[in-house]
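To start, the structure under review is shown below, and the notes come after it.
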Amino acid sequence: MVLKVFFPSCCSSADSGILIGRWISEQNSAVILAVVHFPFIPVQVKQYLGEVQRVTKVSVSVLGSWSNSKQEKEESLSEFLEDLGTIFCHEPWIQISKEGDSKFWSCSTLQKHSKNPQKEEIILVYYDQRKVMLSHMHPSLDTAGQGAEDASKLSAIFDTVARSQVLFMTDRYDEGPIKLTHWQSDGVEASIIVELLKQASVPACMVLTFLLSLLSGICRSRVLKFWPLSFLWSKLSTCEQLGHRLQHLQIISSNKKAQNQNQLMRKANIFMSLLIDVALGILLMSWLYRKNRIGHLADTLIPVADHVAEELQDLLQWLMGAPAGLKMNRALDQVLGRFFLYHIHLWISYIHLLSPFIEMILWYVGLSACLGLTVALCILSDIIALLTFHIYCFYVYGARLYCLKIYGLSSLWRLFRGKKWNMLRQRVDSCSYDLDQLFIGTLLFTILLFLLPTTALYYLVFTLLRLLVVIVQGLIHLLVDLIDSLPLYSLILRLCRSYRLAAGVKFRVLEQQDGKPLRLLMQINPLSYGGVVQTYRLPTYSCYPRDSWASLCKKLFLGELIYPWKHKEDKQN
């Protein structure tokens, strides 16, 4: 039977003493946590371990003895260490000794209370105690069978070291009855900056919580529930993003402690996302207000809008003629063309009416960049939606007219076959029609069929224009979703301290000799960057519905509207 002993590499030069740690009987493994040096009183050691076990909920006990023969001169020390096994009573009693300047160690077990002692093959595994304690083992996403069992065994070892953090809070400068050697025995690791930030975060969180509660009360007021404020709040992407960031601020400022590693990482990722978002927004704001770029942008906006309107007028004039040599229904073509030209004339008048106030509007809109780059991008998307509202109206008119003719033709086609649509049972049933009904249906079918090409051409042109606007807004919202969902803190942690995000371990053979235990070095395999993004990606609220290509093509063919928004409660993970 193989006995695995996980020994911390920081204790390899420790003075002789006893080994304390956790015995995992399911794996036949011993996880050594620290070395207790001489002199000590066994009763005090038992009391100390009982207190540690009560705090950490880890069954910590004395597992064996450690002998550093290079520092000891008494020959009777080894016999004394063996006799300690009768005091602490642990089966098996592990004896590890360092043989002078030799690179090989001796490791054996004693089973004094066993009737049939079996000789066990021992594997000595060294591990970096600091890295193992600070790391978090992530289960593999595609692990199954034996791989899942191995991952659970490693998680038990990592969890043992992480939960024994209280044991590592004593160093050699403490005036206690027990002297330990572990990864912090030379001094407890701490940072003055971190401690100051902890002290300053308490009043800052209290002030932020008060402001957020006040803002949340305003947002939940009845004024915003009345139309059209409720409609604008649910449809404008800027309001969606502000509500999303408000939820993030409430999570960060909450005084509720994180229950596990995932919640802690989520808070850190949200905080880093907000910090970088606001920093990028301030940089954008400083760029906009330098060298009067707001004025130049306002002066450019009106000519661009006029140019777009002129291009649309030229396109409508082309459609009112013989586009691509196609013969259209002239009466319907002229009616539709003049109808859309009149809308363009109204839109140009509306833009020129607002032209004196555009620079002032852009000046105040630019100030919103201090709320974050994502808020500025959402405002840009809403501005594009407002400036292209006439294109959206053209698309709606064309789609409704085209959809009416498509459904009319499909209904009249069922009439020719003696069928009708049953609304109650939601199915097609047989039906008998008289001669007058068939005659009127034939006339209507002929009229709709010959008017369909003219309507379809207008619908096709304005649908392409609408899709162009949707693509531009979609790219903006993809960038917003990327900033909102990217786990920046986890990626920085993976880059700087990769051992903190562990996906597994690998073992490297140090020495192997007959009659001596096999010595391995356990090294942490970090989680891949793709795994970091997949594990810690933040949920987002996308403003656009995620339709499949099949449903999108079906909507375009049938003339159903492709709305530029989705409902607020549809959460995208």
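Easy rule for this one: first residue shown is 1, then count along the chain.
Cβ coordinates come from backbone N, Cα and C, glycine included.
The transmembrane segment annotation in TrEMBL covers 200-219 (among others).
Within its own chain, the transmembrane segment (270-289) has Cβ neighbours under 8 Å at 245, 248-249, 251-252, 297, 366-367, 369-376, 483-484, 486, 488-489, 492, 538, counting only residues six or more beyond its boundaries. Under the heading transmembrane segment, TrEMBL lists 270-289 (among others).
Annotated transmembrane segment per TrEMBL: 335-354 (among others), in sequence order. Outside the transmembrane segment (335-354) by six or more residues, the chain places 302, 305-306, 309, 312-313, 316-317, 319-320, 361, 389-390, 393-394, 397, 454-455, 458 with a CB less than 8 A from a CB of the stretch.
The transmembrane segment feature in TrEMBL is assigned to 361-388 (among others).
The transmembrane segment feature in TrEMBL is assigned to 394-416 (among others).
Sequence-distant neighbours of the transmembrane segment (437-461) (same chain, 6+ residues past either end, Cβ-Cβ under 8 Å): 315, 319, 323, 326, 328-329, 332-333, 336, 340, 398-399, 401-402, 405, 408-409, 412-413, 415-416, 559. According to TrEMBL, the feature transmembrane segment maps to 437-461 (among others).
Annotation source TrEMBL lists transmembrane segment at 467-492 (among others). Nonlocal intrachain contacts for the transmembrane segment (467-492), taken as residues 6+ away from its ends with a CB within less than 8 angstroms of a stretch CB, comprise 237, 241, 244, 265, 268-269, 271-273, 276-277, 280, 373-374, 377-378, 380-381, 384-385, 388, 391-392, 501, 529, 532-533, 535-540, 542-544, 562, 564, 572.
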Long-range neighbours of the transmembrane segment (361-388), counting only residues six or more past its ends (CB under 8 A): 236-238, 240-242, 245, 274, 277-278, 280-282, 284-285, 288-289, 294, 297-298, 301, 305, 354, 469, 472-473, 476-477, 479-480, 483-484, 543, 564
